[in-house]
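Noted in TrEMBL for the protein shown:
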type	residues	note
TRANSMEM	218-251	transmembrane segment
TRANSMEM	263-284	transmembrane segment
TRANSMEM	296-322	transmembrane segment
TRANSMEM	354-375	transmembrane segment
DOMAIN	405-461	domain 'MIR'
DOMAIN	475-531	domain 'MIR'
DOMAIN	536-593	domain 'MIR'
Amino acid sequence: MLCASGRLLAARTATSLPAPPRGRGPALRCPRRELHFPGNPDPPSWDCLAGRLTRASASPHRRVILRRGRMPPAVGRGLAGSELRLRRSRCGPRAAGRDVAIQAAARSPKRPAPGSWRFEVAGRRAMLALVTLLSFATRFHRLDQPRHICWDETHFGKMGSYYINRTFFFDVHPPLGKVSSVMLIGLAGYLSGYDGTFLFQKPGDKYEHHSYMGMRGFCAFLGSWLVPFAFLIVLDLSNSLPAALLTAALLTFDTGCLTLSQYILLDPILMFFIMAAMLSMVKYRSCANRPFSAPWWSWLSLTGISLACALGVKFVGLFIILQVGLNTIADLWHLFGDLSLSLVTVGKHLMARVLCLIILPLVLYMAIFAVHIMVLNKSGPGDGFFSSAFQARLSGNNLHNASIPEHLAYGSVITVKNLRMAIGYLHSHRHLYPEGIGARQQQVTTYLHKDYNNLWIIKKHNTNSADPLDPSFPVEFVRHGDIIRLEHKETSRNLHSHYHEAPLTRKHYQVTGYGTNGTGDSNDFWRIEVVNRKFGNRIKVLRSRIRLIHLVTGCVLGSSGKVLPKWGWEQLEVTCTPYLKQTLNSIWNVEDHINPKLPNISLDVLQPSFPEILLESHMVMIRGNNGLKPKDNDFTSKPWHWPINYQGLRFSGANDTDFRVYLLGNPVVWWLNLG
């Protein structure tokens, strides 16, 4: 008897184990274990739901919580933890059985068994596998239909062909988007047997014998991951399996999302990286209690990689960057406010986010851009959007490994290129300005592509009969401050301006082609000036930045960048501006230079560095995005149409009879989201 009682507690601690009270309900069936402390009449009781000891009637500063299996070092009036531990003794089996009873009574009947937790995890994994399988099944169903070009497949499929053929092209989307998506589309097509010969001219064209399933399958593969990604995001945020299943069902059966995932487009790739960035952000935030662990670093790095890819596909990726950025700022704000963390720890958190969310995406962006530049090394339809120095690096371009005369001379055949990105070459053609648009004379525009109508002959202002290319005449160089005429080579009309108003830009003067066989009037005279040079200096091809000042009106030749209507073949407007402020719109350089009387020099020294290529490409893309406008007679939607799913978009060509695709979101899904 003495052995049994002395085994339980120290001398100053008495323990009583009353019988469970009789009554109904799970709370009454739960056994209690009370510990009495000297000087404290209120005994602590065992909370079966929380699984801990607590003193219900004690004041907050007197409350004691005793966790099973671990005792505090001191309780009450200086009692040592060793005085509260069960002492070992050589007691019989009766005392040992009583110990087992005490431990069994301390366990809560409400605590879930390990088996039930494993069952719950297995159920969630089964649901994830089910929604993934359903997503892939719906996205790959009838993927080969229709067997013709649908909507923007004409653009992105063509870009895949350009990558296979290594032909340089221009697109308004960032270079990382072309590398991470279109190049992979091209790679998928190449691996599946596509040879890059299909022209992708317009929607509705039959694919015939060309292999296109590899490119569609790649987009469908990425689009299929949207559903499991959304399932995991909602499950992690809400810890609710029904909510995650509802989200997966909404995405699985949304016809708009499904249709976008089945064709050669950038949209499924963009959505994949946006979802991947969101999932990675949620996962690394769930590891906040284990900072700097391997999973924490992995998810943080994947977030940065996904952000770079999302922005690279389209500039719309800026929205997910904004989302992640705001969450990161909030995290850092809470870390700075946590006084339990040292400044060194806070600094580590800050540097980790800078490394993974800023430096890593930038390095990835530039690395894949470098691959893009190395792969597309042949001249193509995008040359004219870029500077002369950029074109000199493209194989097949007339400036690549070219040798041309260094200094400009009278009688030379030249092309004049505007220095503002995506403006193009000074151009003219035999079409006249329509009635009511200034003087009815020959149109002068800027054109982005190489063309014979871009060629001009540079002549002195006061001579017309003598041929400066005659070998009997000495070479005379054009110098800064000279008065010249520019004669259009194909039509023999002079570059001309007068006080008539420009077609689109008010308070600017019209620029036309005027005269017959080079004979015109004084409105054909221009003074050529080199920016930041002295009078008398020679003009260098490609490197001299020149301005053309009209001698009569005093205006400066430039391009407004505005797109002319259909009567102007949707080329860009050329004006003579009376505002003499130097802008890139009014600065030009001489690109092509043909003069058999002059020695040639190599242009290899003009090839730009990688940072210059990177900067120029982004300036051209921004300029191209700013110039995007809906074409005439196109059925365009309004912002209030989008959330209510007011109208769809016809994907197939107008003359299709076998299979047509109409893009429209599932009204049930869209309207439920509005609610």
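Glycine is no exception: its Cβ is also placed from the backbone N, Cα and C atoms.
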For the transmembrane segment (218-251), sequence-distant contacts whose Cβ falls under 8 Å of one of its Cβ atoms, 6 or more beyond its ends: 123-124, 127-128, 131-132, 134-136, 139-140, 143, 184-185, 188, 257, 260-265, 268-269, 271-272, 275-276, 278-279, 282-283, 286, 669, 672-673
Secondary structure content, the domain 'MIR' (405-461) (per DSSP, counts of residues): 3 helix, 28 strand, 26 coil
Counts by DSSP class (helix H/G/I, strand E/B, coil) across the domain 'MIR' (475-531): 3 helix, 29 strand, 25 coil
